[in-house]
Amino acid sequence: MQFTLKVPATSANLGPGFDSIGVALNLYLKVEVLEESQTWIVEHNMGKVYHDERNLIISTALAVDPTITPHRVVVESDIPLARGLGSSSSAIVAGIEIANRLGKLELTKQQKLEIATKLEGHPDNVAPAIFGNLVVSSYVDNIVTSVVAKLPDLSLVAYIPEEVLLTKESRKVLPDMLPFKTAIEGSSVGNTLVAALLTGNLEKAGKMIEADKFHETYRANLVPYLKEIRELAHAKGIYGTYLSGAGPTIMTITTKEKSSIVKEIIEKSFSKGKIISLDVDIMGIN
Ligand SMILES: Nc1ncnc2c1ncn2[C@@H]1O[C@H](COP(=O)(O)OP(=O)(O)OP(=O)(O)O)[C@@H](O)[C@H]1O
Ligand SMILES: N[C@@H](CCO)C(=O)O
């Protein structure tokens with residue numbers, strides 16, 4: 001059996017939605033599963049990533065169904081590795097789909113979400129990679145509950161630094177406990193963000209995106225450009241800049257009209273790294 005898969009990049013957290021909220025983006029991981037072979041062969045030009053069954057896509061597929069036969073697989077990806085744009089989630093979601101098709105498992109989307117969340121540890125990237133659009137999820141006592149929602153017409157401007165930041169490293173700086181009052185404030189900010197996004201109030205959404213209490217403060221030293229880009233945007237009256245996933249990418253959610261201003265101000269101050277305007281992917285894996 002031969003087939004092709006396309007999985008979108010994702011941006012998690014949107015400020016206060018730590019480990020819960022994510023949005024699918026129009027950068028893609030493309031995987032072609034070709035002829036059967038003696039062993040798994042993964043052809044790609046992504047640098048330091050395995051070419052055999054240790055590749056995250058294949059190890060995920062084998063974890064889901066160890067009986068599937070080896071194939072030659074060609075991978076192409078626009079999603080930069082370890083930059084906070086959901087590269088590992090895209091690989092995990094692709095691996096689950098490979099097992100689903102080769103093993104004829106007939107998994108439902110909810111089952112795929114449950115497997116992906118267990119493997120990734122949180123649903124914020126894997127859920128939009130599966131469903132597309134904005135997805136708000138909870139993962140409590142091993143139960144994943146997700147709601148998919150359409151976003152108003154908007155644009156996302158990403159500043160992608162040259163250096164990598166592994167999620168594992170970026171989570172090490174987070175506290176084990178939060179004071180009750182801070183947790184209540186953090187959750188109220190997250191609730192208000194979701195209501196603002198769902199009612200199309202981008203102005204309030206932008207303010208709530210920047211009011212996170214859960215992770216950005218602790219990660220500030222790892223990503224000094226978050227504060228810098230936020231201040232540059234504020235000087236133009238633009239709110240809505242956050243740390244994408246575990247970083248180091250900095251994302252600004254803004255209107256289509258204002259996205260070129262955001263791009264310009266970042267370009268003027270940062271000569272290294274990439275600055276790109278992105279749209280929301282509405283399909284998820286297909
Ligand atoms: N297409 C892929 N094929 C194989 N392995 C991959 C692929 N994409 C990512 N990985 C693995 O995942 C690692 C990056 O995962 P990590 O969770 O640190 O970052 P991320 O998923 O890009 O960022 P974030 O979770 O913050 O959005 C890479 O170093 C690589 O080992
Ligand atoms: N919510 C996760 C996303 C990256 O996997 C984090 O910020 O660590």
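If you go along the chain as it appears here, the first residue is 1 and each next one adds 1.
Placed from the backbone N, Cα and C atoms, the Cβ positions cover glycine too.
Caution: TrEMBL annotation is automatic and unverified by curators.
Pulled from TrEMBL, these are the features on record:
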BINDING   Pro80, Leu81, Ala82, Arg83, Gly84, Leu85, Gly86, Ser87, Ser88, Ser89, Ser90  ATP binding site
DOMAIN    55-132  domain 'GHMP kinase N-terminal'
DOMAIN    194-270  domain 'GHMP kinase C-terminal'
#### Entry: Cβ under 6 Å from ligand 1: qualifying binding-site residues of Pro80, Ala82, Gly84, Gly86
Ala82, Gly84, Gly86
### Query
Of all the binding-site residues given, Pro80, Gly84, Gly86, which has the fewest Cβ neighbours within 10 Å once its own Cβ is left out?
Pro80
### Summary
The number of other Cβ atoms within 10 Å of the Cβ of Ala82 (ATP binding site), counted over all protein chains shown, is 19
### Task
Please work out which residue of Ser88, Ser90 has the most C-beta neighbours within 10 angstroms of its C-beta, and give that one of the binding-site residues.
Ser90
### Query
With DSSP helix as H/G/I and strand as E/B, how many residues of the domain 'GHMP kinase C-terminal' (194-270) fall in helix, strand and coil?
38 helix, 8 strand, 31 coil
### Message
List the residues in the vicinity of the ATP site, defined as same-chain residues other than Pro80, Leu81, Ala82, Arg83, Gly84, Leu85, Gly86, Ser87, Ser88, Ser89, Ser90 with C-beta within 8 angstroms of the site's C-beta centre.
### Response
Ala9, Ile79, Gly245
